[in-house]
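Per TrEMBL, these features apply:
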DOMAIN    15-156  domain 'Vitamin K epoxide reductase'
TRANSMEM  16-36  transmembrane segment
TRANSMEM  78-97  transmembrane segment
TRANSMEM  104-125  transmembrane segment
TRANSMEM  131-157  transmembrane segment
TRANSMEM  178-198  transmembrane segment
Amino acid sequence: MSELFERVHRFRQSNGWIFGYMLFSSLISLTASFVLSVDALELARNPGADLACNINSVISCGTVGATWQANLLGFPNAYLGLIAEPVVITIAVASLAKVKFPRGFMLAAQIVYTIGLVFAYWLFYQSMFHINALCPWCLLVTLSTTLVFSSLTHVNIRDNNLFLPPRVQNALASGLRMGLDGLIVVLWLTFIVLAILLKYGAALFA
């Protein structure tokens, strides 16, 4: 059993897993951002458009897309995904090809993507508690952004790219070796699913 655990651990620490995971997650996010961008253009042309993901009063892309929160910077939020995700895809593909990026570049990527994660969860919070409707594609962006963030953070801690104090770096690296990062992601996403179910319940399926 210990040998199996060790093999799984080595695999999770490998570039093939980390950057493959990052690539897959960023492709999902890019796809969702593209669909949301198309929907935003449709809503701009026809505010009353019945989008394919308008399923009921709770699950409704149109309801979310028509709010100011969906266009916080004066243009659809999805455009930010179209800008950011190709950068992540480039990092993932290049790293799979054994390209080594400078520490400063990876730190900058971490900072920018952390801002993106905060923004994604801000919109999720707005959808949950102010708009009172959920957009499936937005949820997919939130999910994939979380996964990309976890993989980027994993590699930056593993490779000591964050310029952290030695004690903090060693503690985080120890957590990675124990697989705590994966556990945290699973627990967090479980919490999000439970929060949605507790708030909306049967209305999700009405």
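Cβ coordinates are placed from backbone N, Cα and C, and glycine is handled just like the others.
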Reported mean pLDDT - the domain 'Vitamin K epoxide reductase' (15-156): 94
Residue counts (helix, strand, coil, in that order) that DSSP gives for the domain 'Vitamin K epoxide reductase' (15-156): 109 helix, 4 strand, 29 coil
